[in-house]
Amino acid sequence: KSSKREWKPLEDHSCTDVPWLLLFILFCVGMGFICGFSIATGAAARLLSGYDSYGNICGQKNVKVEGIVNSGLDLTHKKYVFFLDPCNIDLVHQRIKSLALCVSACPRRELKTLADIQKFAETNGSTLCSYELQPSEYTTDPRAAKLCPKYPVPESAPIPFFHRCAPVNISCYAKFAEALITFVSDSSVLHRLISGVMTSKEIIMGLCLLSLVLSMILMVIIRYISRVLVWILTILVILGSLGGTGVLWWLYAKQRVSASAVETQIAKDNLQALLIYAISATVFTVILFLIMLIMRKRVALTIALFHVAGKVFIHLPLLVFQPFWTFFVLILFWTYWITVLLFLGTTGSPVPNEEGFVEFRMVGPLKYMWWYHVVGLIWISEFILACQQMTVAGAVVTYYFTREKRNLPFTPILASVNRLVCYHLGTVAKGSFIITLVKIPRMILMYIHTQLKGKENACARCMLKACICCLWCLEKCLTYLNQNAYTATAINSTNFCTSAKDAFVILVENALRVAAINTVGDFMLFLGKILIVCSTGLAGIMLLNYQRDYTIWVLPLIIVCLFAFLVAHCFLSIYEMVVDVLFLCFAIDTKYNDGSPGREFYMDKVLMEFVENSRKSMKDAGRGGGAEGRELKPM
């Protein structure tokens with residue numbers, strides 16, 4: 001029935017999925033309760049001010065904990081947490097396995113002996129040994145070997161806002177990372193990688209800025225020269241992939257000659273990295289050429305659709321900045337979520353552990369607040385992303401179904417946000433909850449797979465990976481259907497289920513066009529991302545090549561390329577979203593309108609030319625009787 005009823009774009013606005021909005025509000029209230037509970041139980045003070053191994057909060061008077069010595073002390077003048085052995089990391093329990101004390105000041109220079117520690121205490125009034133030892137006893141009491149810090153005591157500095165003394169020397173953190181990265185057998189390799197990042201940090205920041213500029217330039221090119229963009233992009237990708245591959249092989253040959261004269265470990269590492277990069281680039285270039293050879297016949301159909309999307313960005317320039325707002329909101333929420341997570345880590349009642357020190361643990365039903373908090377991370381993050389999809393869909397729908405573009409709202413983006421807040425937050429909450437229901441089981445299975453790695457048999461491992469893969473595919477399909485459901489909601493103000501059903505019917509009726517047009521468009525946008533990554537990576541190779549004698553630039557180059565792909569994906573995903581919304585609007589327009597009086601098309605002339613050209617090409621291919629003619633049929 002829904003496929004036969006008339007669509008009335010932008011004529012009626014009504015609230016959709018109100019019960020789901022109320023459920024989402026209640027869930028957010030629960031998230032706020034967790035935050036308030038953790039603050040009320042003193043977790044915020046323990047997190048920000050820090051606490052010692054006896055349960056005392058630094059910088060204030062404390063209450064005595066039964067059965068714990070050295071608890072209930074007045075530490076008003078001792079505001080910093082100091083660990084006797086800060087580099088002793090317990091990876092199993094994810095904490096520093098060391099006695100923690102509250103001190104007046106962090107040691108700002110290295111202390112090599114107990115005499116230095118005693119002198120520091122007498123000079124600065126900051127006692128670095130346990131509370132039961134007086135500074136005069138540091139060099140005479142035999143308990144000092146256990147109750148005083150492990151020397152040499154590294155130079156430390158307080159962490160801003162968190163009042164913890166942290167070692168200034170990066171080697172301590174390198175050892176921690178060393179324990180996490182199991183594939184590094186030689187610790188010197190990790191030290192050289194970290195030093196390479198620190199040495200090249202200015203170049204890394206400059207290349208990240210370059211990727212941002214290139215993404216903005218590509219968006220401008222899409223807006224103004226969309227007709228020739230596809231061919232320019234194809235040629236540039238071909239030249240870029242060939243040029244990048246050739247440069248890598250040239251650098252490998254050049255450095256192989258120079259490495260034979262200078263036998264250093266850094267030179268050998270760079271030579272091996274260049275060989276791996278060159279082989280990977282060659283394989284990637286061959287695969288890319290094969291894909292472009294297969295897709296070449298359908299490139300012409302994409303050009304007109306890109307032109308229409310480019311006109312949308314001309315009329316709606318604020319669409320370009322949607323990734324910034326979404327990223328900003330996500331950063332704010334993730335900051336809040338991590339802060340509350342840290343609060344939960346210090347929430348609970350003081351309980352003595354097996355070593356006689358104090359730990360804070362939650363008992364009873366309160367210990368399940370962790371799971372609620374994790375579900376909140378996924379649902380609210382998906383809700384924010386869905387709000388962006390609904391905002392973009394509403395703005396593009398307004399553009400498409402407004403016959404006179406002069407009558408567009410002054411800011412269609414803000415008008416779309418207003419409709420979202422007033423009418424469709426429930427629909428967004430329901431759609432994001434469905435994605436959450438699929439994502440949580442997949443994450444649980446991934447966690448189980450990680451924990452059982454090397455312990456399960458081959459059959460169980462295969463089944464586990466198959467389930468993870470199926471859930472991932474289901475998540476991607478539901479995400480695509482959700483996006484089209486949001487478009488249908490923006491058009492007709494129907495609830496989520498009705499909109500999803502209507503959008504699904506339209507997509508099934510135009511399945512061949514979805515495959516022939518959307519796939520090519522997404523592939524061309526993927527080529528744009530590859531172009532930005534290749535350009536940034538090539539610039540990074542040329543710049544970092546000057547530091548090859550004293551810096552390993554494997555890790556800096558990987559960081560730059562990952563950041564470039566992330567930036568390009570954020571920008572071009574908006575363009576991809578606009579293309580998908582335009583296609584659904586176009587399919588609805590051609591289904592329910594025929595150009596007769598009273599049922600005029602909403603599409604502009606460029607899209608009408610696109611329809612005619614597509615039909616001609618399909619008819620010509622059909623006369624040939626080949627496989628291509630049987631695949632594509634007129635609407």
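Cβ atoms here come from the backbone N, Cα and C positions, even for glycine.
Per TrEMBL, transmembrane segment is recorded for 20-45 (among others).
Same-chain neighbours of the transmembrane segment (203-222): 197, 229, 232, 306, 309-310, 313, 320, 528, 531-533, 535-536, 539-540, 543-544, 556, 559-560, 563-564, 567-568, 570-572, 575, counting only residues six or more beyond its ends whose CB sits under 8 Å from a CB of the stretch. Taken from TrEMBL, the feature transmembrane segment covers 203-222 (among others).
Per TrEMBL, transmembrane segment is recorded for 228-253 (among others). Counting only same-chain residues 6+ beyond the ends of the transmembrane segment (228-253), those with a CB under 8 A from a CB of the stretch are 221-222, 271, 274-275, 277-278, 281-282, 284-285, 288-289, 292, 299, 302-303, 306, 310, 524, 527-528, 530-531, 534-535, 537-538, 541-542, 545.
The transmembrane segment annotation in TrEMBL covers 274-294 (among others).
The transmembrane segment feature in TrEMBL is assigned to 300-320 (among others).
Listed as Cβ neighbours of the transmembrane segment (327-348) (distance under 8 Å, sequence separation of 6 or more from its ends, same chain) are residues 31, 34-35, 37-39, 41-44, 46-47, 51, 360-363, 366, 369-370, 373, 376-377, 380-381, 384-385, 570. According to TrEMBL, the transmembrane segment annotation covers 327-348 (among others).
What TrEMBL records for 368-401 (among others) is transmembrane segment. Long-range Cβ contacts of the transmembrane segment (368-401) within its own chain (Cβ-Cβ under 8 Å, at least 6 residues beyond either end) map to 9-10, 24, 27-28, 30-31, 34, 37, 312, 315-316, 319, 322, 325-326, 329-330, 333-334, 337, 340-341, 344, 362, 408-409, 412-413, 415-417, 419-420, 424, 427-429, 431-433, 435-436, 439-440, 443, 482-483, 486-487, 489-491, 574, 577-578, 581-582, 585-586, 589, 602-603.
Look at TrEMBL and you will find 523-544 (among others) tagged as transmembrane segment. Within the chain carrying the transmembrane segment (523-544), a Cβ under 8 angstroms from the stretch's Cβ atoms is held by residues 200, 203, 206-207, 210-211, 214-215, 218, 230, 233-234, 236-237, 240-241, 243-244, 247-248, 251, 288, 291, 295, 299, 302, 306, 551, 553, 556-557, 560-561, 564-565, 567-569, 572, 575-576, 579, all 6 or more beyond its ends.
Residues or ranges marked as transmembrane segment in TrEMBL: 550-572 (among others).
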